[in-house]
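Take a look at the structure below.
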Ligand code: HEM
């Protein structure tokens, strides 16, 4: 007898806030980041500043990147993606309007593909806030005993997970293999929300920056072994920017693993049913 299983799920209560965070940042890729986050008063780690101008890297990007690529082919699809992806994971919505789910699925999958292609294109064109040496190991100038990879390298390593799960999502849907489609769709969704988790981690580093600002400045710079110059601050913030990416990928792996465990755990052992109301 085959036993019923939990189903993998990208919970709307998790992905809706993540979409909201990413949507805000995507809008800022058009409007710019307000100066409260990068002005001269902004403490160390409370921004991600450019080493020469001191402005937030997004503002620098808006001034210097090809906007058809950065805004037109990346930030704009990100807005569409953030608005439409959560709809794919609301069970009632999907069951009520299957035709919408199908059409929306094509739009979201195309957006996912465009985001990755243009994302890697930007990396190729050096439109990315990353260390010049792709294999550099960040460690806050030796403050931490371990190192972590650059923003660029960690994004490249993430690519196969993102693209393979996208391919399987589309293929299983077209083959009408809905149990597998659900698994791959959730896996792809998590792999793509890793990008939002990166921005959430980045915001957390900004909160740390504001907390550190409560301490005497000399003590903080002493512990960090940092000079109070723009380029030193920008370099330390590049370290935390890369760290946010790595943290996000670990969070996404944990999230996917958690969902996968749920999906493979047996639920209905005859005579030992646990809280049956919770299971599908
Ligand atoms: C494999 C997939 C992806 C890659 C390789 C990628 C890569 C990049 C790169 C290199 C940048 C420029 C960062 C900079 O200015 O230094 C960027 C910016 C951006 N990405 Fe992606 N991206 C991917 C997927 C996504 C997804 C799924 C979303 C949202 C749903 C997204 C939303 C954005 C937004 C809003 C920006 C501009 C604002 C910002 O940097 O925060 N990206 N991306």
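Keep in mind that glycine also has a Cβ here, set from the backbone N, Cα and C atoms.
Since this is a predicted model, take the numbers as computed values, not measurements.
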Tell me which range among 49-66, 67-84 TrEMBL lists as transmembrane segment. 67-84
Of the ranges 240-258, 259-277, the one TrEMBL annotates as transmembrane segment is 240-258
With the greatest number of Cβ pairs under 8 Å to the transmembrane segment (143-164), the stretch among 105-123, 190-215, 240-258 is 240-258
By a Cβ-Cβ criterion of under 8 Å, what residues six or more beyond either terminus of the transmembrane segment (67-84) are in contact with it? 19-20, 22-23, 26-27, 29-30, 61, 104, 107-108, 111-112, 114-115, 118-119, 121-122, 125, 127, 192
